[in-house]
Every structure is written in C-alpha cells, then in structure tokens.
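Under the heading (6S)-5-formyl-5,6,7,8-tetrahydrofolate binding site, Swiss-Prot lists R23, E79, K118, K450. Swiss-Prot lists 214-374 with the feature domain 'TrmE-type G'. Here Swiss-Prot flags 224-229, 243-249, 268-271 as GTP binding site. Positions annotated as K(+) binding site by Swiss-Prot, on the basis of sequence analysis: N224, T243, I245, T248. Residues or ranges marked as Mg(2+) binding site in Swiss-Prot: S228, T249.
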Amino acid sequence: MYTKDTIVAVATPQGNGGIGIVRISGSDALSIAEKLTKKRLKPRYATFCNIYNINEIIDHGIVIFFNSPNSYTGEDVVEIQAHGNPFILNLIIKATLEYGARMANAGEFTERAFLNNKLDLTQAEAVADIINASSETAAKSAAKSLQGDFSKEINNLLEKLIYLRMYVEASIDFPEEEINFLEDQKIHNSLQDIYKTILDVKNSCKQGAILVEGITLILVGKPNAGKSSLLNALAGKESAIVTSIAGTTRDIVKEHIQINGVPMHIIDTAGLRSSDDIIESEGIKRAIKKIQEADQILFVTDDYTNSQVKFSDIKDIIPEFYHQIPKDIDITYVHNKIDLLKEVPLNHDNHIYISAESNIGIDKLKDHILAKVGYTTQNESIYTARERHVTAIDNAFDHIKLAKEQLELGNGELLAEELLIVQEHLNSITGEFSSDDLLGEIFSSFCIGK
C-alpha cells in the first residue's frame with residue numbers, strides 16, 4: 001500500500017568512503033532538509049552547507065533538492081552528500097527521523113518511482129539488475145532495459161494485439177454484417193506477425209535471463225578424472241587442489257567466472273564412487289544434492305583403452321548414482337587428458353575433447369556451453385530479463401498458438417478469449433496489471449537506498 005509519508009536511507013554502499021549519500025523522499029523532504037541545513041534550498045542547485053542536529057554540527061557537505069514531479073521518485077527528493085563515514089551518516093539519519101521521516105524499506109524509492117509512473121516494472125527491475133550486474137555485458141543489457149528497450153518491445157506487441165482484438169470482437173458484436181471478418185487475410189497476417197514477434201521476444205528474454213541469473217555448471221565424474229583441473233582451466237586460476245590421489249576433492253568447490261560476458265557458477269564435486277571414508281561419503285552426498293540445481297552437467301571422463309576413447313554412457317560409468325541425476329538436465333561428456341591419445345577425435349554431439357592440464361580444447365568447451373543454453377554473442381539487442389518475464393512470455397506464446405488454432409477453426413469468441421489472455425500475460429511484464437504481493441516481492445529484493 002502506497003503511503004505518502006517521508007522516507008530516508010543511505011543510498012551508498014556500507015563501509016567507509018570519500019562520499020556517503022543520504023536520500024530523503026516525500027512531502028516533508030524539503031522542510032526536513034532545511035531544518036538539517038538551516039538553509040533555504042533551491043530546486044536543482046547544489047548547496048554547500050553545514051548539516052546540523054538541532055544546533056550541533058554533524059558534518060558539512062553538498063545538498064541537492066529535486067522538486068516533485070521532476071525527481072527519481074516523482075516526489076520531493078533531497079540528497080545529502082556527506083563524508084562517507086557510517087557513524088556520520090547514521091547521525092544524519094537519526095536527525096532526519098527525529099524530524100518526522102521514517103526508514104525506507106528495501107527498494108521503496110524505486111517502488112515509489114514505479115507507482116508515480118516514473119518507471120514501468122521492467123525498468124524498475126533493471127535498476128536492481130544494473131546495480132547487481134556481474135559482467136560488462138550484463139551491465140550494458142541492464143542499461144538497455146532501464147532506458148526502456150524491453151518495455152518498447154512489449155508495448156509495441158500490446159498495441160498490435162489490442163488492435164487485433166478490436167477487429168475480432170467487432171466481428172462478434174456485429175453478426176448481421178455479411179462480411180466474415182474471420183476470413184479476412186488481414187487478421188491472419190496480423191496474428192502471424194504477433195506470433196513471430198512473441199517468439200523473437202521469447203528468445204531474447206531467455207538470453208537476457210541468462211545474463212541476470214547466470215548458468216550453473218556441475219563438474220561430475222569418477223575420482224581423478226580431472227574435474228579439479230578443468231575447474232582451474234575454466235576459471236583461469238588455481239581454485240581447486242589438483243593431485244594424482246583419487247578423492248582429493250571431498251567437498252563442494254565453487255567458482256564464479258564469465259564466459260563472453262555470461263556469469264557462470266561452476267561447482268566442482270567429489271568424485272562419485274562408493275566409499276567407506278566418512279568425509280568423502282559426505283562430499284559425495286553433497287555432490288548429488290548440487291546436481292539437482294544444475295543447468296548443465298559436465299561429465300568429466302578419462303575412460304580410454306589402448307589410447308582409444310571409450311564411448312561409455314554415464315549410466316555405465318557411475319551406475320550406482322545415475323538414477324539420482326535428473327533426466328531433464330543436459331549432460332556434456334568432457335573427455336579429458338587427450339594429450340595421452342595418438343589421435344584426437346573430432347568434437348561431436350555432446351562429446352568434447354580437452355586437456356585441462358595443457359589447456360587444449362577449453363575455448364571449444366566454453367562455446368559449447370553457451371550454445372547449449374541458446375546464448376549467442378552476435379545478438380547486440382539483448383536486454384536483461386527475470387524468470388517471471390520468461391514465464392509470462394512462455395505463457396503468452398502458448399496462448400497465441402491456441403489463438404491461431406481457434407482462427408483456423410473459425411471460433412471467433414474463443415479466439416478473442418485467447419487474445420485477451422495473451423494481453424494479460426504481456427501486461428504483467430510491464431506492471432500494467434500486477435498484484436500487491438508481486439510488487440512487494442520484486443521491490444524487497446532491492447538494496448535499502450534504492
């Protein structure tokens with residue numbers, strides 16, 4: 001529920017720094033700031049002044065007043081740029097609270113910007129994405145969403161969809177007309193155009209979601225197959241201990257890297273085998289649990305006979321664990337230690353040949369990983385997307401397919417109903433129709449000062 005009281009929070013990261021910013025927003029923001037500074041503040045002017053708690057000077061700094069509606073939140077906003085010492089910033093916050101403000105909830109400044117139509121929901125989410133971006137590519141894509149690229153795509157779709165709905169519903173409302181609107185080629189062409197556009201947005205959304213969420217890779221295999229060496233090769237540094245002793249990795253080893261700007265969460269697991277060692281057995285249990293969370297499994301093997309590759313299936317190599325691996329997770333067989341072979345086979349299907357120790361084939365493996373999730377570096381128009389966006393687009397796509405079926409069958413009323421459902425799913429992306437629960441969940445994931 002939107003309350004128009006005045007909120008305050010520190011807008012800069014925790015810890016010491018050269019500058020710390022306290023942000024105030026609400027109807028009393030200006031009067032509180034003028035009490036703190038004992039100055040008359042002009043809109044959009046940087047005023048250098050002392051900051052007081054009644055008559056005691058807390059600090060001095062620059063204060064800027066942004067009057068409504070020309071501010072980030074759409075309300076009166078004041079930003080106090082003081083020295084970046086947490087104790088000083090807390091004193092300023094304390095004085096602000098005494099003058100009638102309250103502490104802001106997580107994401108409340110951006111929530112107010114959304115509720116005051118300064119941002120739509122995809123742009124509001126992009127604020128968090130640009131702050132939390134873990135790669136340059138993710139940051140650039142979040143900036144595209146923030147400037148409205150994603151919203152424009154959805155709004156253009158909605159405009160076409162609403163026009164088509166009007167046309168279809170007109171044919172239902174005026175049955176006395178001799179013209180059969182449903183046989184009009186314009187409807188077929190328009191519906192096909194919407195179908196194709198939703199499919200394009202669906203593909204872009206999935207790539208954008210990868211930039212936000214990243215890809216979780218699990219390294220699985222028998223002991224001493226070279227999983228830890230592969231982790232180090234992918235990470236470009238020594239993250240895991242590598243020895244010739246089987247079972248060296250007894251716990252989960254995690255590494256966060258980027259491949260062509262895509263965040264990768266790589267998890268090296270204990271070698272899968274039956275073991276009487278209590279510690280190793282616990283590591284294997286944790287490995288099995290982590291496998292359930294994977295986007296991809298890299299099954300590392302060095303299964304060679306007489307310098308020839310053995311194309312054994314995962315269920316043959318680790319039969320006692322195979323039934324615990326989810327069937328819907330993609331598995332890539334990474335044949336390690338190819339430097340031991342006289343002749344190296346060509347990569348094919350889900351079989352990639354590498355030498356983690358010699359760094360042979362690592363770039364090919366990286367390309368394979370990205371290709372498996374449908375990510376392409378050639379797409380310069382990717383904007384960041386959330387899992388909820390992907391779900392909404394998937395639902396919209398399912399119902400636009402049903403709409404096409406109803407058009408072919410000549411069922412005007414069912415066609416109109418399917419188009420309405422598509423519209424509702426698209427509206428949920430930009431926040432045209434969103435429940436309070438959904439908004440609360442989205443904005444609670446923000447940092448306090450945003």
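Keep in mind that glycine also has a Cβ here, set from the backbone N, Cα and C atoms.
Under the DSSP three-state reduction, K118 ((6S)-5-formyl-5,6,7,8-tetrahydrofolate binding site) is assigned to coil, being neither helix nor strand. Of all the Cβ atoms in the protein chains shown, 31 others lie within 10 Å of the Cβ of K227 (GTP binding site). Note on proximity: of the binding-site residues R23, E79, K118, the one nearest S228 (Mg(2+) binding site) is R23, by Cα distance. For the pair formed by K227 (GTP binding site) and E79 ((6S)-5-formyl-5,6,7,8-tetrahydrofolate binding site), distance between Cα atoms is given as 51 Å, rounded to the nearest Å.
A Cα-Cα distance of 55 Å separates R23 ((6S)-5-formyl-5,6,7,8-tetrahydrofolate binding site) from N224 (GTP binding site).
Each residue contributes its Cα atom, and for N224 (GTP binding site) and E79 ((6S)-5-formyl-5,6,7,8-tetrahydrofolate binding site) these two points are 57 Å apart.
Residue environment of N224 (GTP binding site) contains 19 other Cβ atoms, counted within 10 Å of its Cβ in all protein chains. Summary for the binding-site residues R23, K118: the Cβ-based neighbour count within 10 Å is maximal at R23.
For the domain 'TrmE-type G' (214-374), the model's average pLDDT works out to 73. For E79 ((6S)-5-formyl-5,6,7,8-tetrahydrofolate binding site), other Cβ atoms within 10 Å of its Cβ number 21. DSSP assigns K227 (GTP binding site) to a helix in the three-state reduction.
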